[in-house]
Each structure stands twice: as C-alpha cells, then as structure tokens.
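*Asks:* Mind having a look at this structure? Questions to follow.
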C-alpha cells in the first residue's frame, strides 16, 4: 500500500526528490489516522500540525486556525491544543502572580499566566480594591452622620448602599482591565482555566476557555493564594458568608454578626455600621486587632464603640444556625462563665486564611510543605524543586498583597539571573487596616520587643494627633504615632499608628529601618508643616528625649 501511494512519483518532467516520496507516503498514513483520532484530541492535533508544517500533498481535509489560541481544527472540529513551551509559567494572576509575570517578561523571558477565575486576584476583584471604594463611601456617610454639626451641615440626607456597591464594582473592573492591558503590553500569554500539574514540568488546563490546553515550562512560579478558614462544623452558604460573598452583596443587611476582629472584620464593620447596619463583632482573643500593639487595639475599640458597634472580645463562637430569614450565633466567654445567643440577618466569617495547596496537582511536583501546610521557600522564593518557585499567600510568610508583589519580583529576577535583593525579615514589612481612623504598623510591638530583646533597654515614645496641627484642621484628631526603639542606639524596632491616612505615612519609617537610620536621624529630617507626618518626627524625637510639641 505504501508503494502504491507513491505511484506517479516522480513525474516525467520532475527531478527525483526522495523527500517527495517520504512526504507523500506520510500523507497516505496520516490522513486517515488523524481523521480517526478526533476523540484523542491532543494527539490528533499534533498529527495534523505535523502534516501542515510538512506541507504534505493530498491533505485537502486539513484546516488550521490558531487565532492566538493554539487550537487545531480538522474539518471545523476542534482537535484540542498543541503543547506550548514557556520559559516561565505563573500559576495564579493575583498581585504576586501578575507582577512576577511582568518582571520576568521585562527580563526577556517568554511568559504565560494561568488563571481560573480572578485576573488580578482576590485583592483586585473581591478584596483590597473594592473594599477601599466602599470604605470611602462609608467615610463620607460618617461625616454626615456623626460630624454634621462640626462642619456646619444641616438638612436631611440619605445614603444608598446599592449605589456605593455599584461604584465599588466599577472601580474593581477598571483596575482588572488594567491587568489585562499590562499582560498584552508585556507580550504575556493569558491562559484561562484551572491549571493542574501533571509533573514537575507540565501543566494541563481544565475548565475555562482554554480547557484541554497543555503547557510545559522551564520554570514555574506558584501564586495560588489562599482559601478562607471557617469555623469547625460551620458551612458557608445562605446567610453565613465569607468576606468575598459579603462584598458581592448588592444590599446591606439590617444586622450582622462578624466573627473575627482582624483587618477584614474591622473594615467591613466600619462600612456597614456607617450605613446603619446593627453590627456585632465576636473575637476569640481578648482584644480587637489582636496582632497589633495593645495601645492600637485599645484606641480602635474606643472609636468603634462610638460608632455603635458591639464588641464581644474574649468570646468563642460555638454554633451557627441559619434559619432562612435569620441566623443564630451561640457564643460563650473563653472561661465558660458567660454564654448567649446572638440573632442577626447575616453572619460573616473572617477568621483568617489557609494556603491554597490543594486542587492543582502540587503533589505531582515533589514540592515540599512546611509544618503549617504552606509551600516551603528559601530567600529567593525557590521551593524544594529547583525550577519551581512560590510566592504570596501560599507561602504563609505574611499574607498581604504588597508582600506577594515583592516576592514575585525576587522570584522573576532570580529565574532570569538578574541582580536582585532578598526581602529579609517579614516582620519589618508594613501592615495596614483601612478603617477610619486607619491602622498602620511594622516591626515589633512594645510587648514583643521587650520579650525578644530582654537583654536590651527598650524605649517607647508616642505622639498624639490631638497635638498635630494638620489633624486638627482635618477634624481627625483621634490616634497617635508610637515608635519602639533600642534606647542605647536609637535603632528603630517598630512603629504603630492610629489616625487619618496613616497607611500613607508608614513607608517613611520602613525605609528608615531598611537603611538603618536612627530615631535621631528621622527626627532631624525636615518635615513639611503642617502635615500629619510631623507626628512621626515628634515620636522619633521623643525616643531621643527631646519631643518639641508635647
């Protein structure tokens, strides 16, 4: 049959070419083979692509339409994808993932990003960005509801939560659109779907528009983020919500119980309380924002009580019952001496996050986990498998978007062999809670510093915003700047702030700490007057024993 397929070659007017015999013979075998392998789509696609690239004669059935997707068609029937190879594949398009992809592309690498749901990650879609839009609306409402007399405002005013929600979604969509623009600008391939490791060099895509695609890589950066933790025995759904489900709700409830007084719980409480929602916060630890300095927790608790938010600290949630039109929450004090049942329209669970290490075939790579169940990495974000890196929440170093971004840059530069800088102590990275007044901090709390450096004298200085001229003009005098330092050398060990826009002030002090500036040098730096930043100068001078305006 093979010889018969060569009948007529070469023609009398053609020069003998052995390649013609081979190519024509291959077409005889591959044409029916490819047509019979439509169900085995990836293999058939590879067969058809080979035929096309060889320009085999006698294959009129062949059609190839890439359209940027890499799909192969046979008589308009999709045979699947041809395997693509990349220098770097990033699994997850959150703040860490897309930043890592851009940096790798800038350094000349062929890059693809695989994302199953949120381009821009939780942060841009249902976290940091839309929540800040809601918080701004809440701040405006707060002025009218609580400070109208101060600003000479009179008259009836109403506040529409659905409108605020709509604005938050618009803001989110605009930022996400920007991520797609950056992918295109940097010639990064977007792959939509759930990426699963088949081995340490191969990812298969399921779900999404790129379902069925297989990609291989020289290096991979895992940026899969985290999953929300829930209470034992409590299932999310109905009126029992995660923060993600709450932020997507177009209507505010009449009442809500928020379990967890960390940053997310406190931010949502501020928003909803300013829209007239009856808010109760239940926190197992003895104070709100339990990871912050004790003075910060005390000040924020005072401000929230003024808002009318009920705080149940030192209480554990023992049961949650969704009755359809309402929810009941059983709580009791940690010592068991008190118990009560709270009733509300909704419950939001915000007790933290766990690294997302399941559901994408990580077990097929040989990558090792820590005792906490996070991906184990070194200072350059390398995992136990040399060519696989991990960044962001999945590493559980410090589960914040800006930390993931910084890790992503280090990973990309390491892969490219470029000069980079290790991130150092995660304790010294900035943290913020965007309620009003805001909270911003880095480094050791007063208590932690005294425990950690028990052989050194620790000095603390605080400057209140009530003594700051700019804060007085803004009518935002709540809060303070508190600096924790080594008494002998003036070494900056931590800073903790409560006040208007303090998240914008903090980078001055983290930069000072990074480059080993002393409190004396911070205080000597000339600060613009009148500004909120002068409070940092005053606190630094307080460490040195010569605070001016207090």
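A Cβ is built for glycine as well, from the same backbone N, Cα and C atoms used for every other residue.
Dumping what TrEMBL says about this protein:
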ACT_SITE  529  active site, proton acceptor
BINDING   132, 195, 224, 225, 226, 393  FAD binding site
BINDING   260, 261, 262, 263, 264, 265, 266, 267, 283, 352  NAD(+) binding site
DOMAIN    429-540  domain 'Pyridine nucleotide-disulphide oxidoreductase dimerisation'
*Asks:* Relative to the Cβ of residue 132 (FAD binding site), which residues of the same chain, six or more apart in sequence, are found under 8 Å away?
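*Replies:* When sequence neighbours closer than 6 are ignored, residue 132 (FAD binding site) has 171, 434 within Cβ distance under 8 Å.
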*Asks:* Taking 10 A as the limit, how many CB atoms besides its own sit near the CB of residue 393 (FAD binding site)?
*Replies:* 29
*Asks:* To the nearest whole angstrom, what is the C-alpha distance linking residue 226 (FAD binding site) and residue 260 (NAD(+) binding site)?
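*Replies:* Cα of residue 226 (FAD binding site) to Cα of residue 260 (NAD(+) binding site) measures 17 Å after rounding.
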*Asks:* Name the residues of the same chain, 6+ apart in sequence, whose Cβ is under 8 Å from the Cβ of residue 195 (FAD binding site)?
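*Replies:* In sequence order, 89, 91, 114, 116, 203, 204, 205, 360 meet the Cβ cut-off.
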*Asks:* Within its own chain, what residues at least 6 apart in sequence put their Cβ under 8 Å from the Cβ of residue 224 (FAD binding site), listed in sequence order?
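*Replies:* For residue 224 (FAD binding site), the qualifying residues are 91, 92, 356, 357, 360, 392, 394.
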*Asks:* Work through the recorded positions one by one (260, 262, 264, 266, 529) and name whichever has its CA nearest to the CA of residue 225 (FAD binding site).
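*Replies:* Nearest by Cα distance to residue 225 (FAD binding site): 264.
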*Asks:* Just how many other Cβ atoms lie inside 10 Å of the Cβ on residue 262 (NAD(+) binding site)?
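*Replies:* The answer is 19 other Cβ atoms.
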*Asks:* Within 8 Å of the centroid of the Cβ atoms of 260, 261, 262, 263, 264, 265, 266, 267, 283, 352, which other residues of that chain place their own Cβ, given that this set defines the recorded NAD(+) site?
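*Replies:* Sorted by sequence, the hits are 258, 281, 288, 289, 350, 351.
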*Asks:* May I have the DSSP-based helix, strand and coil counts for the residues of the domain 'Pyridine nucleotide-disulphide oxidoreductase dimerisation' (429-540)?
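*Replies:* Helix, strand and coil residues of the domain 'Pyridine nucleotide-disulphide oxidoreductase dimerisation' (429-540) number 41 helix, 33 strand, 38 coil.
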*Asks:* Give the three-state DSSP assignment (helix, strand or coil) for residue 260 (NAD(+) binding site).
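*Replies:* Coil, per DSSP.
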*Asks:* Where does residue 283 (NAD(+) binding site) sit in DSSP terms: helix, strand, or coil?
*Replies:* strand
